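Right, one structure below, let's go through it.
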Amino acid sequence: MAGLSTPHQFDHPTALAAAVLTDDNRVIVMVIGVVALAALVVAGILVRQVLAAGEGTDSMKKIAAAVQEGANAYLGRQMRTLGVFAVVVFFLLMLLPADDWNQRAGRSVFFLIGALFSATTGYTGMWLAVRSNVRVAAAAREATPAEGEPEKDLTAVSHKAMKIAFRTGGVVGMFTVGLGLLGASCVVLVYAADAPKVLEGFGLGAALIAMFMRVGGGIFTKAADVGADLVGKVEQGIPEDDPRNAATIADNVGDNVGDCAGMAADLFESYAVTLVAALILGKAAFGDSGLAFPLIVPAIGVLTAMIGIFAVAPRRADRSGMSAINRGFFVSAVFSLALVAVAVYVYLPGKYADLDGVTDVAIRAKDGDPRILAMVAVAIGIVLAALIQQLTGYFTETTRRPVRDIGKSSLTGAATVVLAGISVGLESAVYTALLIGLGVYGAFLLGGTSIMLALFAVALAGTGLLTTVGVIVAMDTFGPVSDNAQGIAEMSGDVTGAGAQVLTDLDAVGNTTKAITKGIAIATAVLAASALFGSYRDAITTAANDVGEKVSGAGAPMNLMMDISQPNNLVGLIAGAAVVFLFSGLAINAVSRSAGAVVYEVRRQFREHPGIMDYTEQPEYGRVVDICTKDALRELATPGLLAVLAPIAIGFTLGVGALGAYLAGAIGTGTLMAVFLANSGGAWDNAKKLVEDGHHGGKGSEAHAATVIGDTVGDPFKDTAGPAINPLLKVMNLVALLIAPAVVKFSYGEDKNLGVRIAIAVLSILVIVGAVYISKRRGIAVGDEGNAERVTKSADPAVVS
């Protein structure tokens, strides 16, 4: 941070008014909009292919219908809750400074559009996933021949089931990239040079909804999962997804609202937020070209995602389903790199002096070729995605040493399993963070002495990574679909023998894809947040110039300087690091509280209905679904308020310099924490799978019980707290970007008003403290049986029949 005030300066002019959307660029953006619509058309084709498959037996259909009903009930209630919140934010955005009312109105309207698109992406993922899972199970059932029938071709059956699952993910991937690109291109077409400011609202809408879907879905899924495992596997000794466990339907619902809806919304907002930063910085660094080129790169990604999704066609020579998925990913990445190279050399000029609309004298006078900067920056993002995929796979796959070591540690008990998993998570966080950091720094160096070009290169690296998002979302959705398919098969009892083995193999591949995509999602979040950090710096520079102040150099006010040696900035840095820990703790505590209620409800049903164990009585699945729904929605408020109000409190209390340090602290700590939580949880999960496959005693052994405990600890790590850090970073950066002009306005110049600053800061702090206090007052102990029973009695048993 201190280095940002030395050779890289903002003292030269950065007026952006000269950049315009030329007629040629307008045509290009319109074509990009058509490409986005084409992605939605392809999604429609894939939906028809998936739904054309058979649904299996009546028992399988009944279980699938229960999962569908529970998922719809949860998301419906969540959307109603978030709808009220979105309307409030819509009007609050109108109060923030803007050049004119047209900009203010556009920012607020596109906030709602961003929120709607994010919710649509998540809902679409959930809607199709809960319909395709039974079709995957039905396809696998074909592997077991009926009496008198010849043996089936297991490879062909496995490939059919896998294709259904991956095409489901392809639909979600196409919606993610299609809606993200459509929203951004529409803003550019309507607002032209003002588009970056309006896109801030679009990005905030996408980010807020994604964070709530991530946190809420994560709490729901892991409360049900942990509760089901503790009572079912550990206490009752019954298998996973056993129909006698009242939490199994809620567990399957959670897979969809957490992994499908949550991840889709998460990557959609990464898409939107990265485009926001790239257009803001591109307008300053590349002038007229900067309003179109950041859209060209992800448009190429849409086309290559289509190729990658259809390239995932299993072959007989493949060692596993993962081979086909890796092939699709790398085909998409290679095609993206090649097409971006063509686009760069066709679209961009060969000299910085030929970039129209750039008023920064230093950029116009710079030697070198802007095409090289653009090409290398995008390549860094694409290569980073591939490296993160391999690194995450190393620490989480069952065939690699880290997971095998955790599996071996199960021979000495649960404590050593937990310790080994923590060790793997901590170590993997270092390597992943260094890899992401090198990627960001490598892109930054491309700018030379120009801070604006350096920051734009970081944003372009983010757009390069986004070229793989379509396939990444497909890979992630594949996981819960295959997991749910296995659950439906086990609960129905209609898929046995070879068919059950097909689903077991698919589930193992799905666990790996989920772990890998979490790593890449973290990388996209960090690059997006880093690019937004650059946009934030540009915003405070512009705001400071408007009130006649300088950001750096002699005479610059202390709390405008991005200098870590200043006490207020150091406090901001520490606060940014601390908020990540608080956010993670709140998320894990929420799972613990909800899981406690689930545990006591499932225990109550086993105690009061002994016929459940011999199948003479039916568990009340709906009660557990409703407990998870109510708890997840109740727990949303505190993390959400923390993410939005903490930057406001820091900014209005300590100034924009400290707020910049706060963002830097959050990005650094958030990167390490997110990777640690995701990889340790993924490693514990696959260590359990390793033992269940027959190693170290297999199912029912003491080693298996130890790995179940490790997996239970890892569940809220990898599926609640870890993934929720991604949108947290982007929400805080966007809030800082939006409030920066207001902080400067009330701190300097004619509108300086200390009273307003203090009032806003105190109000924000009081709300945060109050929300955390209320959250902490709720019982955290799993043994709080009275609290669990109160929750149980208030549950509505009619959610799922």
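Glycine is no exception: its Cβ is also placed from the backbone N, Cα and C atoms.
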Among ASP685, ASP751 - the residue Swiss-Prot places in the same Ca(2+) site as ASP711, ASP715: ASP685
Of the candidates ASP23, ASP483, ASP494, the one that Swiss-Prot places in the Mg(2+) 2 site of ASN252, ASP255: ASP483
Residue, out of the binding-site residues ASP229, ASP255, ASP483, ASP711, ASP715, whose Cβ gathers the largest set of other Cβ atoms within 10 Å: ASP255
Proximity verdict for the transmembrane segment (372-392) and the transmembrane segment (429-449), three or more C-beta pairs under 8 Å: yes
Protein Cβ atoms within 10 Å of ASP225 (Mg(2+) 1 binding site), excluding its own: 29
ASN252 (Mg(2+) 2 binding site) as reference: those recorded positions from ASP229, LYS514, ASP711, ASP715, LYS718 with C-alpha within 10 Å of it: none
Shell of the Mg(2+) 2 site beyond ASN252, ASP255, ASP483, same chain only (C-beta within 8 angstroms of their C-beta centre): VAL67, ASN133, ASP251, VAL253, GLY254, ASN256, ASP259, PRO480, ASN484, GLY487
Stretch-level contact, the transmembrane segment (429-449) and the transmembrane segment (27-47), CB cutoff 8 A, at least 3 pairs: no
Candidates ASP483, LYS514, ASP685, ASP711, ASP715 (recorded positions) with Cα within 10 Å of LYS222 (substrate binding site): ASP715
For LYS514 (site 'Determinant of potassium independence'): intrachain residues, at least 6 apart, with Cβ closer than 8 Å: ASP259, ASP476, GLY479, PRO480, GLY682
Contact ranking winner - 515-535, 641-661, 663-683 against the transmembrane segment (724-744), Cβ under 8 Å: 641-661
